[in-house]
Amino acid sequence: MRELAGELAVHNYNYYTLDKPVISDAEYDRLYDELIRLEQESGVVLPESPSLRVGGDVLKGFDPHRHRARLWSLDKAKDEDGVRAWNQRLLRAIGDYNAKHPDEEPLPDPSYVVELKFDGLTLNLTYENGRLVQAATRGNGTVGESIMAQVKTIRSIPLTIPYREGLFEVQGEGLMFLSVLEAYNKTAAEPLKNARNGAAGALRNLNPKVTAERRLDAFFYNIGYADELEFSTHEEMIGFLRDNRFKVNPYLAYFSGIEDVITELHQIAVRRPEFDYLIDGAVVKVTDMRTRAAIGYTDKFPRWAVAFKFEAEESTTVLESVSWNVGRTGKVTPLARVEPVELAGVTVQNCTLNNTGDIERKGLKHALGTRVFIRRSNDVIPEILGKADEEEQGEEIVYPEACPACGTPLVQRGAHLFCDNRLGCKPQIIARITHFASRDAMDIETFSVMTADQLYESGRVSDPADLYDLGYDDLIGLERFGDKKARNLLDALEKSKERDLASFLNALGIPNTGKATTRMLADHYGSLDAIMAAPAEELTELPDVGGIVAESITAFFQEPVIQESIRRMRDKGVRAEADRPTLAAEAADSPFSGKTVVLTGTLATMTRDEAGKRLEQLGAKVAGSVSKKTDFVIAGESAGSKLVKARDLGVAIIEDEQELRRLLGLEG
């Protein structure tokens with residue numbers, strides 16, 4: 001037990017004092033829970049046990065600051081049963097208080113507020129007579145570090161406020177938004193591992209200029225101490241914060257029953273990827289302030305609040321090996337094999353490393369066999385963020401000189417390695433054919449990677465045009481191809497000949513283009529021949545087409561092999577015609593022409609993808625996130641944080657779906 005307490009003390013120091021954790025939060029929680037279990041079984045609590053602490057020591061480089069009121073940790077619930085157990089303790093505490101104080105007005109049945117649990121650095125700000133006079137980290141809950149100069153670089157934090165009566169302390173969280181982190185890492189000499197470290201490292205950097213470069217933000221959620229202020233409910237306190245220009249997160253939800261709270265907690269977990277900042281859970285609090293004061297605190301936690309922890313999205317594991325895979329465009333990408341680890345509810349064994357530049361920037365060149373940080377976002381393949389211990393040296397990741405599939409010498413272009421054997425490299429050919437048949441391209445149903453592989457190995461297909469030469473006898477002999485499947489594929493191939501021009505262009509796989517660009521080309525030119533003949537200078541005048549994209553398009557259509565492939569497909573009946581020949585005129589009259597539009601929520605009469613395609617046809621740019629540059633937000637059912645942000649920014653919002661269909665020209 002003493003050894004475990006010592007190990008946790010080391011991790012506390014790395015995490016709270018140095019801001020350089022070497023294990024993930026989930027791993028720390030497992031060690032901490034094991035210590036608690038041993039203490040409960042033995043009845044012994046060592047004087048140095050982390051269970052007696054609220055957290056961290058003070059760096060010598062900062063002046064200590066003693067908080068007016070203690071900053072408490074929160075009790076944790078790992079699942080919905082844990083939330084129910086907390087609620088039972090809460091109800092007992094309220095019942096006990098009412099029983100012991102029969103002459104007082106009874107405490108009311110609890111109502112609850114649910115807030116996001118931010119994953120940044122806790123801030124405690126002191127305001128006196130309307131001015132910010134101190135800013136400190138949480139430290140050990142009683143004494144923190146003065147970071148006034150650093151906090152002043154956060155533009156969302158008010159230096160003066162309207163309320164000018166006495167002194168109070170307000171608590172919040174310093175954060176680095178994910179979009180800011182992404183932009184920062186594009187130009188940073190040393191990329192940041194994650195947004196949490198980015199915020200904590202900036203706020204505890206002795207040079208405020210470093211803090212300013214990180215463009216931090218902050219959300220506020222509590223007043224811990226006040227000379228004069230009193231609130232009867234949580235809503236009143238939040239209203240005071242907003243009235244005094246403190247940034248309060250748009251998400252706040254109030255409930256009267258614990259089961260509704262639990263339902264909401266699961267919904268937040270589902271919506272977690274939508275937020276532009278890290279959260280690692282949600283916090284449930286009793287709204288009534290008199291109840292909070294009456295039932296009070298344990299040695300470590302307030303009895304009136306609990307933190308619901310989400311499954312970890314970040315962990316550490318061992319980097320075991322790196323393999324190199326060839327993609328459709330010839331790009332050779334490193335794929336990391338790691339020691340299996342549970343992450344966000346799944347077992348992770350593979351992680352992306354993006355390219356050689358990514359390996360160098362993250363200090364991973366000599367990382368084989370060392371522990372690394374990994375992070376999983378949404379359902380994409382996890383990413384390696386960097387070494388857990390930057391000083392540890394491992395085996396070297398050796399970059400290939402020849403294509404691992406065909407042996408062709410590789411070419412370095414920027415941060416990427418490429419195999420230029422476009423017509424003879426099997427993985428490129430199979431990926432190109434599979435992409436051609438995919439849903440957003442020619443939409444050839446029943447076609448798969450396995451089908452492409454078998455057709456290539458049989459010598460029947462090495463170019464997309466070969467697909468239209470296939471007959472029944474070519475398919476019936478393939479593995480898992482019976483009579484029905486063979487006929488279905490032939491029918492799907494025949495049906496694909498009617499696909500519109502934009503889908504055909506996307507299917508061709510023109511380098512440096514995607515669905516939006518090919519749709520724009522189809523809408524602008526209206527015919528395949530016009531696009532194939534367009535010079536680069538003309539293409540660069542189109543929206544979002546720069547010099548590199550324009551050169552890629554013209555070079556692609558000048559290749560004799562591509563021209564021959566297109567000729568063969570046309571001879572077989574592939575039409576590749578624009579689906580709306582009058583689109584240019586229609587777009588000119590559309591209110592969406594030239595506007596930036598964001599879709600959020602669920603539409604009743606069409607999918608978001610269908611709505612997005614129609615918007616692009618009408619000249620709109622469909623974006624994934626809301627900003628000051630957004631012109632319209634189209635909000636369906638269950639619209640989330642994007643709708644809230646749109647309202648905050650004053651962006652025009654369309655919520656009436658019938659009106660939307662009229663504006664899209666889908667109804668007269």
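A Cβ is built for glycine as well, from the same backbone N, Cα and C atoms used for every other residue.
TrEMBL annotations: computationally assigned, not manually curated.
Feature annotation from TrEMBL assigns active site, N6-AMP-lysine intermediate to Lys117. Around the Cβ of Lys117 (active site, N6-AMP-lysine intermediate), a 10 Å sphere holds 20 further Cβ atoms from the protein chains shown.
Neighbour density for Glu27 (NAD(+) binding site): within 10 A of its CB lie 17 other CB atoms from the protein chains shown. DSSP assigns Glu27 (NAD(+) binding site) to a helix. Annotation source TrEMBL lists NAD(+) binding site at Asp25, Ala26, Glu27, Tyr28, Asp29, Ser73, Leu74, Glu115, Arg138, Glu173, Lys285, Lys309.
Around Cys419 (Zn(2+) binding site), a 10 Å sphere centred on its CB holds 27 further CB atoms from the protein chains shown. The DSSP secondary structure for Cys419 (Zn(2+) binding site) is coil. The annotation Zn(2+) binding site is assigned in TrEMBL to Cys403, Cys406, Cys419, Cys425.
The residues of the domain 'BRCT' (587-657), classed with DSSP into helix (H, G, I), strand (E, B) and coil, number 22 helix, 17 strand, 32 coil. The domain 'BRCT' annotation in TrEMBL covers 587-657.
Geometry remark: Cys425 (Zn(2+) binding site) versus Asp29 (NAD(+) binding site), CA distance 48 Å.
Compute the center of the Cβ atoms of Cys403, Cys406, Cys419, Cys425, which mark the site for Zn(2+); besides them, the chain residues with Cβ within 8 Å of that center are Val326, Gly330, Pro404, Ala405, Gly407, Thr408, Asn421, Gly424, Pro427, Gln428. Cα spacing between Cys403 (Zn(2+) binding site) and Lys117 (active site, N6-AMP-lysine intermediate): 46 Å, rounded to the nearest whole number. Of the listed binding-site residues, namely Leu74, Cys403, Cys406, Cys425, the sparsest Cβ surroundings within 10 Å are found at Cys406. On a Cα basis, Leu74 (NAD(+) binding site) lies 54 Å away from Cys419 (Zn(2+) binding site). When the binding-site residues Arg138, Lys285 are scored by other C-beta atoms within 10 Å, Arg138 scores highest. A Cα-Cα distance of 42 Å separates Glu27 (NAD(+) binding site) from Cys406 (Zn(2+) binding site). When the alpha carbons of Lys285 (NAD(+) binding site) and Lys117 (active site, N6-AMP-lysine intermediate) are compared, the span between them is 12 angstrom.
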